[in-house]
């Protein structure tokens, strides 16, 4: 397999062609893991070549400049596309969502709020009612009030919800099956070095963008924030093909995808810094310093584009941006921590329930009918959601209402406090006030909405439509937080002489902000489900624009993580990675067992011997036989069967491509791959050095598995050879490590493998 001797002949240049680079060698098959070390070596070699040539001519110098700037160029294009698509999705989803309730006669393309902007006939109490906006009952029956109009609006709401859901699931099923779900578990896996062809392609991008709008508008308990990360990564992947530096190197491409995921969160929450931290903390596997800068730049560009589009008409990047002006007090840390406990419990419960349901879907006939399942869930959601105003409205609008503090301009039921002067529902300047009937009615509706959201989110996440988890989790936390906030507020009003309130909450003082409790609850529940910490606090801080509330947020998020970790350390994305059997070695997970490399390596005692290639006496025919008879992804190369001394490692795909390039005339089947001394009339040996890794990673048979797992995680290895005194004993692959870890956790090792 290395260079051989022999007399020179006229056919030498034909038979030595494998010394030269072969097109296709170094690429990867679908559902295989990349070799990070080899990719980094390729990039260093490319960089050296460019640097050595740049002084030769002006053209070469220009090429070197283009190569240096291509990284910034690709993240700029990704940021521009992500911001534009996010704005388009926001506008279209708002319009379709309002289409379920009615239509704007003056301009069909206006949603409900835009329709009434120019109207002079709106009142303060009923600011969303104007003659230009007609409900379906008004259009079809000609009446706005009464049981008949309610039933007609109810029917049309269900009809549109089912239509949107049906269209979304059909488009996903027919055109892009990869467009379903959140996309974050798969992106985490791809960024760790796994290849899923088509997952970040143009069809997936187009269908995900369209069906995300339809899925959000259908009223299902899902959000668009997670899928926006998938959309941004699709943009990053597509643009990376314009630059050879990224298109021909899988490791470099993953740097672009890390920056793209930051841009996705930036436009999802209007949080550029939170997006960078999300990419670093949650999704990225390899995150060098230059990727940090480029991620920040991509997030900045994406946020700037979205701000220019201004999809919500409030000059903000998100619908539920809020500002609070009341300080928080030390006593309030108790309810904040209790909200953290609720978030952790909800996260642990949701992960277990959702994974159990998804596993049942995979293992029963129910999973064979995705369209029927989506229609069924959409129908139940629409039927139950319509009677309750808090479940009928868009989830982002619900979060906005729950976050918003009560002021003179708020007409929400949650702000119908009694005035102390005359007992009416009017809002007075006295901030500390008793709740009116509207608030108590809203509390009951919020309790029912909380139960509804908890149940429906479990069954919705994992459907064959684009479905994010950020918004439903935040809604559940915001509902719980608002209920707790109002309860504490009323407690402070009626019992202001208690020692808890006496020191800092005087009669008539503005002490409690229920909206702040909603925000803390939202962060706690999202933290409980995803187990994010730093990035989540920064995202919510950017949403509110208040440095003052970082301590309550940190307390709630850390509590929710600790409580959640007590029931299981993995978040929802890691749980779905494990459910799908993706080969993902989580850097956060600790390996605490005392096993050795020889206990994990293959072959085991009961297994057939390891398939190897010998350097001395292997013919092309024997090599083709080994390729045909085995399914291994690579073969160790040894000196001979007797010595078992290791020479290197050759990948199956590279050997197959190399053999495919040969013709029988040039290369007879009895040609040896290496021959130290050759008769003059024998065929020339093949030189396969260009496809042979001469320095494969090796460990000894006594190496602790703790170190082996660390090597795999930190270097992103595909396989590692096990030797004893230089003699080959076996091989450890990433899948062997995952099987071993499952075995140590008392799980079926075969059940976790990707099929």
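Going from the start of the chain as shown, residues are counted 1 onward.
Glycine residues also receive a Cβ, built from the backbone N, Cα and C atoms like all the rest.
According to TrEMBL, the features are:
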type	residues	note
DOMAIN	601-665	domain 'CBS'
DOMAIN	692-750	domain 'CBS'
TRANSMEM	69-89	transmembrane segment
TRANSMEM	157-179	transmembrane segment
TRANSMEM	199-220	transmembrane segment
TRANSMEM	227-244	transmembrane segment
TRANSMEM	256-280	transmembrane segment
TRANSMEM	329-351	transmembrane segment
TRANSMEM	371-390	transmembrane segment
TRANSMEM	442-463	transmembrane segment
TRANSMEM	475-496	transmembrane segment
TRANSMEM	516-541	transmembrane segment
What stretch, picked from 157-179, 227-244, 256-280, 442-463, 475-496, has the most CB pairs under 8 A with the transmembrane segment (371-390)?
157-179
Against which stretches of its own chain does the transmembrane segment (227-244) lie, if we need a Cβ under 8 Å and a gap of at least six residues from its ends?
70, 73-75, 77-78, 81-82, 85-86, 89, 182-184, 186-187, 190, 200-202, 204-205, 208-209, 212, 253, 256-257, 259-261, 263-265, 267-268, 283, 302, 466-468
Do any residues, 6 or more residues outside the transmembrane segment (516-541), come within under 8 Å Cβ-to-Cβ of it, and if so which ones?
265, 269, 271, 273-275, 277-278, 280-282, 322, 324, 326, 328, 335-336, 339-340, 342-348, 350-351, 399, 402-403, 405, 469-470, 473-482, 484-485, 488, 547, 549-550, 552-554, 556-561, 563-565, 569-573
Secondary structure composition of the domain 'CBS' (601-665) [DSSP: H/G/I, E/B, coil]:
20 helix, 16 strand, 29 coil
Considering only Cβ pairs under 8 Å, which range in 199-220, 442-463, 475-496 makes the most contacts with the transmembrane segment (157-179)?
199-220
Should anything in the same chain at least six residues away from the transmembrane segment (475-496) have a Cβ under 8 Å from its Cβ atoms, list it; otherwise answer none.
332, 335, 338-339, 342-343, 346, 390, 395, 398-399, 402-403, 414, 432-435, 439, 443, 446-447, 449-450, 453-454, 457, 502, 505-507, 511-526
Beyond the flanks of the transmembrane segment (256-280) by at least 6 residues, Cβ under 8 Å:
71, 74-75, 78-79, 82-83, 86-87, 187, 190-191, 200, 224-226, 228-233, 235-237, 239-240, 246, 286-287, 291-292, 294-303, 305-306, 316-318, 321, 470, 532, 534-536, 538-539, 541-543
Please give the average pLDDT for the domain 'CBS' (601-665) in this predicted model.
82
Three-state composition of the domain 'CBS' (692-750), taking helix and strand from DSSP:
22 helix, 19 strand, 18 coil
